[in-house]
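One structure is given below, encoded as structure tokens.
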Amino acid sequence: MLTQEVSATEDPTLYLKLAFTATFFAGLFQASLGLLRLGFVIDFLSKATLVGFTAGAAVVVSLQQLKGLLGIVTFTTKMEIVPVISSVFHSRDEVSHQNQKPIIQNLLLFLIGLLMSMKNPKLFWVSAAAPLTSVIAATLASFMFSSKLHGVKIIGHLPKGLNPPSMDMLLFSSSHLAVAIKTGIVTGILSLTEGIAVGTTFASLANYPVDGNKEMMAIGAMNMVGSCTSCYVTTGSFSRSAVNYNAGAKTAVSNTVMAAAVLVTLLFLMPLFHYTPEVILAAIIITAVIGLVDYRAAGRLWKVDKLDFAACLCSFVGVVFVSVPVGLSVAVGVSMFKVLLHVTRPNAVVLGNLPGTQIYQSVQRYGEAERVASFLIVAVESPIYFANSTYLKEREEEELIEANKETAGLKYVVVDMTAVSAIDTSGIELLCEVRKTLEGRSLQLVLANPGGTVMEKLHLSKSLQLFGSNGLFISVGEAVAHISSLSKAHREVI
């Protein structure tokens, strides 16, 4: 996102300043979400959209490694698949054929280690040690045979020591401030989503609770401090957390040990990586992100819920073919669309009686469920709001027409409100309109088992008085039994 505004090679100082500033705003945004108890915002990124988004991000990251894998010098700074493939095609003359053998060897090594650790968790160390072993071996080989490996690009000089403080590099008054804020918010959401997903995953495995708001504040504080110490946006890592978990780590001491190892490397070991081939690092990154493409989850989405699969596919396509921010926006948009669809198009099913019981279930889901003569029993399986009241009224008309065809002498319409958790004034107005319409057709509207909140609002609106003593029951079974007995008694009197 930053390279679209500033070149990291032409103006590296400004680029660094914007990176640190974006990191600061990412942390500020994350911590603010936690302080304001707005953790529910992340819930709009459903599992389905995250599967597609993560897979798309993995593809994008893998495509960026083609530069190192193929030894290309002039490579596009864009992330989308079309510019990347086009850049590879136009730079095919720069491709180093000496990279092909180490590419295949290292990818096979990493994949074998990954498969071994997946099949046997006790062998997690094989997958963890494979990248380090490969880097050491490749660096030694590059050092000893440097005169013969002319086409293999190496990292080159790496300064040792700790990065300097960067507090004075934060830009709060610049023409590029808007870019830094936008980048910080987008990357902050991404890192926050991954961090909370990591925490939730391992919390479920080890059976301990996770407070999303506290996670947000912790990650946000980490990034704000990091922006002052030459760090960019970061979060919890799936792979490193998995290694810690499989190794039996229980506390943050494991992270302290790892930090000490990184410190020693930065202070004393950096010159040793001078001859490390870039192709090895690219292979490591590609192998790491391959596991993020969860094709099995996508297959389950297709089998279980086609709308979830559509959300997954939209977020994947948005990331791969357009951009990461657009992919994130598409993911959130699709998730919100699904929520709105369920609210505006609630499920309303016709119920029938299971023979020999007082249980009423959907006639579509239960083949043995039988419609009750003179009754149309409908269950509304969602809150009744202004957004769905018109749709429910249309469904009621459709069900009445269908019931008149299948049920002789229709006289009563029972609405099972067990699953109606809330109702607003538009919903109350709907019930009153339906009752009045049914009365004009010599039909009686009966409500069954409205919840406490719904009852309270019906009482405050004085709508309960319209239904009378025979218009409200605690269950469908009681409503049918009571009304049937009254109807039978009435016929006997006549």
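Using the three backbone atoms N, Cα and C, a Cβ is placed for every residue, glycine included.
Not measured: the values here are computed from a predicted model.
TrEMBL lists 365-483 with the feature domain 'STAS'. For the domain 'STAS' (365-483), DSSP puts the residue distribution at 58 helix, 21 strand, 40 coil.
The annotation transmembrane segment is assigned in TrEMBL to 14-36 (among others).
Taken from TrEMBL, the feature transmembrane segment covers 48-66 (among others).
According to TrEMBL, the transmembrane segment annotation covers 72-90 (among others).
If you look up TrEMBL, you'll see 124-145 (among others) marked as transmembrane segment.
Positions annotated as transmembrane segment by TrEMBL: 252-273 (among others).
For 279-297 (among others), the entry in TrEMBL reads transmembrane segment.
Among the features that TrEMBL reports, transmembrane segment is placed at 309-337 (among others). Remote same-chain residues near the transmembrane segment (309-337) are listed as 1, 44-46, 48-53, 55-57, 59-60, 79-82, 182, 186, 189-190, 298, 301-302 (criterion: CB distance under 8 Å, separation of at least six residues from the stretch ends).
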Under 8 Å Cβ-Cβ from the transmembrane segment (14-36), and at least six residues away from its ends along the same chain, one finds 2-3, 5-8, 166, 169-172, 174, 176-177, 179-181, 183-185, 187-189, 191-192, 212-228, 230-233
